[in-house]
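Here is the structure we will look at, set down as structure tokens.
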Amino acid sequence: IPALLSQTLPRAWLAISVIRKCWGNRLPYFINYFFDTYLLINEDTPVGSSVAQLLARDLDNDPLVYGVVGEEASRFFAVESLTETVALHPLKRKKITVLLIFISYLQNTPVGTPIFIVNATDPDQGAGGSVLYSFQPPSDFFAIDSGRGIVTVIRELDYEVTQAYQLQVNATDQDKHKPLSTLANLAVIITDVQDMDPIFINLPYSTNIYENSPPGTTVRMITAVDQDKGRPRGIGYTIVSGNTNSIFALDYISGALTLNGPLDRENPFYTSGFILTVKGTELNDDRTPSNASVTTTFNILVIDVNDNAPEFNSSEYSVAITELAQVGFALPLYIQVQDKDEGPNSVFEVYLVGNNSNHFIISPTSIQGKADIRVRVAVPLDFETIPRYEFSLFANESVPDHVGFARVKINLINENDNRPIFSKALYNVSLLENTTVGTTVLQVHATDNDVGSYGKVSYFFSDDPDRFSLDKDTGVIVLTARLDFESTQRYTLTVIARDGGGEETTGRVRINVLDVNDNVPTFQKEAYLGALRENEPSVSQVVRLRASDEDSPPNNQISYSIVHASAFREYFDITVSEGYGVISVNHPLDYEQLANGVIYLTVMAMDAGNPPLNSTVPVTIEVFDENDNPPTFSKPSYVITVMEDIMAGATVLFLNATDMDRSREYGQESIIYSLEGSSHFRINARSGEITTTSLLDREAKSEYILIVRAVDGGVGHHQKTGIAMVNITLLDINDNYPTWKDEPYFINLVEMTPPNSDVTTVVAVDPDLGENGTVVYSIRPPNKFYTINSTTGKIRTSGVLLDRENPNAQEAQLMRRIVVSVTDCGRPPLRATSSATVFVNLLDLNDNDPTFQNLPFVAEIAEGLPAGTSVFQVVAIDLDEGPNGQVSYRMQVGMPRMDFIINSTSGLVTSTAVLDRERIPEYLLRVVASDAGTPAKSSTSTLTVKVLDVNDENPTFFPAVYNVSLPEDVARDFKVVRLNCTDADIGLNAELSYFITGGSPVPRGDAVLPCPCLLNINPSWCSLTVS
């Protein structure tokens, strides 16, 4: 280490260059880095000595040529172009004193390690030659032994915090009266070691992906950086866990996470998404993984698309149930239907289709996702009517072709649920007492609505009559013994009808034994006439008639019967009262079922003889009409559709009600119509024509339910009314423009957002239906930065770079303002009256380096000014905003002298010491401007400070004293001596004038002559000559 002296330090800047002789695509680079900062040599190094051996490499294996760059360096050093040896040229100065020392140490140097020994020499003797060392100011990281000059580490060093330390060493002698000191700068360069694990940036990485994304789709970019900033290593990326079925691929070098295969959200492995753990590992120079790594875990959610139709758990369901199943009974069927999509994509309707499908109901009918379907009995079932049902079960989404289907088969089990029923409650038959044995008396008949064995009927007597037999299969009753009128005039038999299930019904058979008779009864009139009103309840008599028989009792006993009726035979009874046959009605009559309102009866009078004799007489009964039938519409309800633009007054529907009453007073001709439910319609009171009264608007009201009444000519409470419901549905036309919801839109978007990222969704609604209400979105005018889904209105980034600091005003406007128009799909299509504007607030990323506005620059400052003098104000701007655009300034660590500082906020450069041009005429300051982003960005530039000369140096003769001896007889103009004088200033301050200011007089005789010399001046020297 050279001695630390107080003289001016000569410096030589040496820039080494290597030139490749052939063209290629890669630059050469140096292998040895020891001269990247300073190369230290002793001042007495002989000229021509080798001071360094350069090592460089070219990846293309091309030959290399070495050289020195720089005027000053070329004067002192030379490089042999082929041998790579740096040699020393003859130096222009006699001495080179080193006052700036650079040393380099690893950041993990242990505390207490000696790193350097400072040595200063003082030629004085005693205390004046004893040197003590100290740091000015003291350092928090280094200590120096005051006596020995040993510099040691006192605190752990961290390259990531500070890369270099500049220490000022003060060497002071120990003279008690006038101690002298000198300063030297010691720069300690920290060499980075790999002691920091990498970190992930741009966290978190959680994201979404649609299940229909094709393989190869980029899901996310994973990025990690080495926190060791000296020589950061590359990162290798791997997936640690969560990669089910290797569905994702992670590029080992780039960190691109891509889809590796088809993705189906309905796959149970993928439904809940993925929790992916990835690892970033620092790579050694040979690309093998190191021990430094970092992991992160994030979620990837699979977004559903509607790609599944509803499915039943079986294609066919069969069940058998008893026909006695009650209404509401749930069939024992396990029917399950599921749409594997989720949310709105899994909504569907379930319904039964088929003949008599209304006999059963299903629940639920509206389903989202998955449900069990219950089939219940809706109406009483009857095997005898419908023994088997077969339906189609549909699960239908709104999306075409998304339909689930299954067959449902229901078989009814026959039950013995019907008793036999006799064709008559009472069988009444008469037999002459002389009827032959073996004669068939009558056949009873009972029916059973059951089928099979349950419907087979057998017949039995409840007791065993002695004169009659009964065939169990046919029900035929046969006379088995002779009858005797005088002993028994009537037989009443109880007959049992039993079906195959054991159910029984009893019936009665009345057998009258008749006497023989030979006189015919005779009526008093040839015809009889009666009258009554329809619906009149039973009356005591309608007609009284009488016949007489000349036979004696009992054969003269006359009975009356109605043997024929033109209508309502069963409604008439005839009885005998006081010898008269009285005809009465047992049920109200219906005028409308009679032709001309008249009923013709034939009444027979029969005596009690055996065989009986009889005669008949016609009876005419006139029936008068009553208002007993309401007007009736052909259907209880009418469902029609009309276009919403139907004209006012147009015919919508003709209604017709009929009245079964046949009279003009109460019948069809008396009907009057009325309407209620909406003032938009009216009805013609006589014709039943329904017309519109005003223009209609489906969007205001799409359906009208009208109540139409028809009243007949009855009066008061006798008036009858018929009611029908009319359901009118309006069909849509394209008469509404789309309108925007929530317009305008304000959203935040980070600049540099990746392509195809969601921005926002605009929504427009059209109250029309179908295509008329289907809207199509577009960006107008076109915007290259964004795309829009024409159906959903979802806006995404297009892939064109979103740069918040883009200087192009037009592009900046397009990035921040999206104009969307919308039209419907009607014919013709209608466009919204205005466009929707999406205002995008671009959020800043730290993507711009600070830019110097006034560097590089050459500033000038006069020497001798006090410390703290302002030299120059550096200005740098950063186009980012917030902390990303907040610029701070600093001097680059490693400057040869710290004679200047810069204000980190304002950029004002000020001096820290009194400058001496004669010592350092020019400074090259490397200024670093950094922003406050994470990670921070910086720029570096040079401020050249020229120190202007001040006349602060005195001329100096060298030597200070000249001793010359001359003979006394020297000739005139003889050059006595050549004087050498210098001035360290420059310019006018260094231009010298010479004067003789005094000297010894020369005696000559009695006189004293002045100094006999004349001063001759030369620009660089002067000579003293004899005058």
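Every residue gets a Cβ built from N, Cα and C, even glycine.
Nobody curates TrEMBL annotations by hand; they come from automatic prediction.
Going by TrEMBL, these are the annotated features:
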type   : residues : note
DOMAIN : 107-200  : domain 'Cadherin'
DOMAIN : 201-312  : domain 'Cadherin'
DOMAIN : 313-422  : domain 'Cadherin'
DOMAIN : 423-523  : domain 'Cadherin'
DOMAIN : 524-633  : domain 'Cadherin'
DOMAIN : 634-746  : domain 'Cadherin'
DOMAIN : 741-852  : domain 'Cadherin'
DOMAIN : 853-957  : domain 'Cadherin'
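If you look at the domain 'Cadherin' (853-957) against the domain 'Cadherin' (107-200), you find at least three C-beta pairs under 8 angstroms, all six or more positions apart, and that counts as contact.
Under DSSP, residues within the domain 'Cadherin' (741-852) fall into helix, strand and coil as 12 helix, 45 strand, 55 coil. With helix defined as DSSP H, G or I and strand as E or B, the domain 'Cadherin' (313-422) counts 7 helix, 56 strand, 47 coil.
Broken down by DSSP into helix, strand and coil, the domain 'Cadherin' (423-523) contains 4 helix, 46 strand, 51 coil.
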